[in-house]
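Have a look at the structure below before the remarks.
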Amino acid sequence: MRIPAFLIASVLLGSASGKRVVTVQSGPLVRTEGSHVTIWCNVTGHKEGVEQDFEWSMYLPSAPEREIRIVSTSQSNYAYAVYAQRVNNKEIYVERLGKDAALLHITKLETRDQGQFECYTPNTDGEYLGSYSAKTNLTVIPDTLSVTSVAQSLNKVEGDTLQLTCEVTRQTSQHSHLSVGWFLRSPERDSPPQDLVTLSRDFVLRAGNPYKQRFAFGDLRLDKTSSASYRLSIYRLQPADQGLLYCEAAEWIQDPDQSWYAMTRKQSEKTMVKVQPTDRDFGIQVSTERRSYTTGEPLELRCAIDAQNVPDRYFSVSWVFSSSPVAVVGPNAVPVLGADYVAREAAGQITVRKESAAIYLLRLQRLRVEDSGKYICRVTEREKTPTGDFIDRTKRSRNVQITVQALRSNMTVFLVGNSTEVLEGEPVQLTCSVRALTDKTGSVSVTWQWMGRKGTAVTQDVVTIDREGTVRLGPAYRERSTYGEIRAERVRADTFTLQLYNSVPGDEGQYKCVAMEWIQASDLTWEKIGERSASKPITIKTVESSFFVSASSRTPSVTYGDSFDLQCIVKPRYNPHVPVTVTWRFQPPEGELRDLVTFARDGTLRWGEEQIGLGTRASTERSPSNSNFRLSVTGAGQRESGTFQCSAELWRKNYDNTWTKIANRTSNLLGINVFKPVSKLRLHHSNQSLSFVEDSRVRINCSIASQTVPEAQHAVLWYVHKGGEPEAGAELLLKVRRDAAVEYGAYADEERLERRAQPERLSPQLYALTLHRAETSDSGTYFCQVEEWLQDPGGAWYRLALEASGFTRVAVHRPEVRLQVEEAEFNVTVTEAESIRLGCSVSSQSTRDSRFSVSWYVARAGEGAGEQQCIFSIGHDAVFGNGNCSPAEDPGPNSRLQFQRMTSDLYSLTIQGARPSDSGSYYCRVEEWFLNPRNVWYRLTTNDSGVTVVTVLEQASTLQSVICSNDSLFYFVFFYPFPIFGILLMTVLLVRYKARNLGKSQEGKNGVPLLWIKEPHINYSPTCLDPPALSLHPGSVE
């Protein structure tokens, strides 16, 4: 992490008040994907002592105007969804470097993070002057760095040569440099790796501290053998060279501030190298940072054993000071303190430990003057001989002369405050900084003092913070402190703060910070070695004189459903210890002012008993500075039209938690007018004429061309007019309300239209009226009227507009007459007593559902001219005699007429037993009947067929005709003779039978019959084979 020097200075010294300037790390910054990225930001020119907040956002290259929030120091839910999870997981966070400086951390950079980053600092000064944000560009490139080295295990002997090769490649399009180094990690896990040799980004070879001498002698080399190959060569291997060897490479890029940044760093596979030692000798070296110290400072001495295979050998280390033993650390690493140092070790002022297998540490925490002298490290190795005996070999280091000088105080004290003039109720914040401390453990005590205005020489101790950090209040401030009004603390070892909350005019005066530096003597007692002080005058400004309230709105006139904001500006800005209670009041056009909502001084929100119909449509907002109290109304309606006013009360919180109202102000009156929206309802006004046949389905459309809002509802009224101007005297047929309920008008009741008239909603902007089974009385001019209804924000519906459509003229007529009866004329001549067949054929009809009534007429020769007689009739209901005439002869069993319906359009009438009187001109009359929508049959039209002239010829009288024409004679001739002949035949046979019997008796006398009887021969030949018809029955209608 690289932090510029001027940023560190800004954190330590604070920023001078003036024009505000926000500075961010200059870009563009090029970083690799997956790396840890930091971007610093600081602000200057703000009020001293006020901690600044930082808000980080970014802008994608694809949408440079759209802000994407990332993280903020003041808002926990500041991030947008795309960064929220990473912020919650601490993958992105902000590190504070001070009150006015911060560092943005992105622990794992992603490709989507590329863009422009903005650092924004909210205003804390009460006025706007200068800049509040700064931007820098971040470019994310792929991590193409590759570091490879073959992992292997090598066994070497002390003095051998070792060579390892590492391949380093990259494919970055940016101009970058590489640094390649070889490192050695001891087999012990906790030991840090040692830097062998590194080729820096400037192509300079540097060896690590333990290898500088060997590098200078040429025993350690790093050669670049090709564009990507780096070879490590170690000549004359030593036992200390064994361990895990690996190659590490870093890719560097130069930022716009000319500093270099390691974009990515990778390591190769490790090679295990073991070095077999050839020598058992060892060396000792004692090191320390410096030789001259001041009392109270720590001293660290390290004794390093230079030997082969140290972990496998047994060493004991003794620390000696001026021939007096300090401590002994055996092979088991357990220290044993000398008698003079046991007490200091128990007090935690001395530490003896084994840092590694070859390094031993002696640390004196707080040096004393008597600690000056010579220090040596004595090392003893115990080795077991092949005979089983132990041999101790001891070596001692050179003397290390340490000088400890007495401590003198050179501290300076600086006192700064949040402001020299503090508004009543705001806190008084003072920071006392102590510089150049002799002792770094916080051995400083501070006393805060207050001196009244000029002329008042009384000096009072406010609070004292001793060297242990214990806070003790002065007598005059103890009661006030119990209420949390005074806070004093040591934020750092050299920084002390005093805060007096809820300042009152009596806090005005001169404040002084008195710092005393202490040092602990060797007998653990404390001694004051210096005292410094700094003072600062503080003026408390009262708030009554500048208290002002105003009300404003950018939208004094709005439309139904729109939103408007009311702002109540309270000046000047106050803190929570001098809070403001703000109340919004509302006065309807006819009424009094009443409380609407109150922003209480404790931050709560109280709504008035009577709200203006706002309900959940009203929202409030209080600015963080408590200077702007906004009332927002969404979905305004008529109930929100009126006059608004805000009033403010200024309260002071006393240190005993009681409140005192110190001022009251009322704003100007603010009028808000709410108007209905302008209707955009438009209907199609095209006129049309429609013609329909009776009993058809009539559909009339009502189309909406445009409407005010998509959520509008409509009520549709259908009108009909029978004549004259359509809009004059139109009758309401029906009304479809906006809730789809249908209301029929009086005209619909009169015309029986409730069941036949059907309104429909075909689409949100298309309505239709359908008349089923239209009647001729339905003819007229139809039009619709559409009411547009909108819902006000209070949930009530109101009619916004009424619009009429064009006119549709509907004509309903009876079916077109298409009845045609065959008109061909025929002459028919028959003989008396034959049958006369008369046909009647319907060649076309008006409708498929028509029915026919058929009648036959005759005009007999000799009768009066034009006199016609109906001889047969059948109605449309298939009832004989129910046609358009009454026949002279009733149908019945004795009728000579026979009717047949051959097909639906072919009829015939047969006259049996023609007589001369049947001669004449015959024709049929067909009436076409139609069922109207009211289920009543009516005659649509009538048509006559052509004339058929019938002539019946008389027949001459013959015996057959005479007999056949008389029933009595017919029975006498053909029926009565049969029984008579039968009786005679039986008589003859009986007589003959008796005669034969008698003849036999007589035959004996003369031998011949006495009597011969000859049977007569009778021939019967009927003269009439076809008996006359006895009855006439009408045929059935098919």
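Each Cβ is built from the backbone N, Cα and C atoms, and glycine gets one as well.
Marked as signal peptide by TrEMBL: 1-18.
TrEMBL lists 4-139 (among others) with the feature domain 'Ig-like'.
Positions annotated as domain 'Ig-like' by TrEMBL: 142-273 (among others).
Feature annotation from TrEMBL assigns domain 'Ig-like' to 277-387 (among others).
Residues or ranges marked as domain 'Ig-like' by TrEMBL: 409-525 (among others). Over the domain 'Ig-like' (409-525) the predicted model carries a mean pLDDT of 84.
If you look up TrEMBL, you'll see 537-649 (among others) marked as domain 'Ig-like'.
Taken from TrEMBL, the feature domain 'Ig-like' applies to 677-787 (among others). Across the domain 'Ig-like' (677-787), the DSSP tally of helix, strand and coil residues reads 8 helix, 56 strand, 47 coil.
Per TrEMBL, domain 'Ig-like' is recorded for 815-927 (among others).
Annotation source TrEMBL lists transmembrane segment at 969-991.
Per DSSP, the domain 'Ig-like' (409-525) is made up of 11 helix, 60 strand, 46 coil. Among 277-387, 409-525, 677-787, 409-525 has the largest number of CB pairs under 8 A with the domain 'Ig-like' (537-649). Counting residues per DSSP class in helix, strand and coil order gives 11 helix, 68 strand, 53 coil for the domain 'Ig-like' (142-273).
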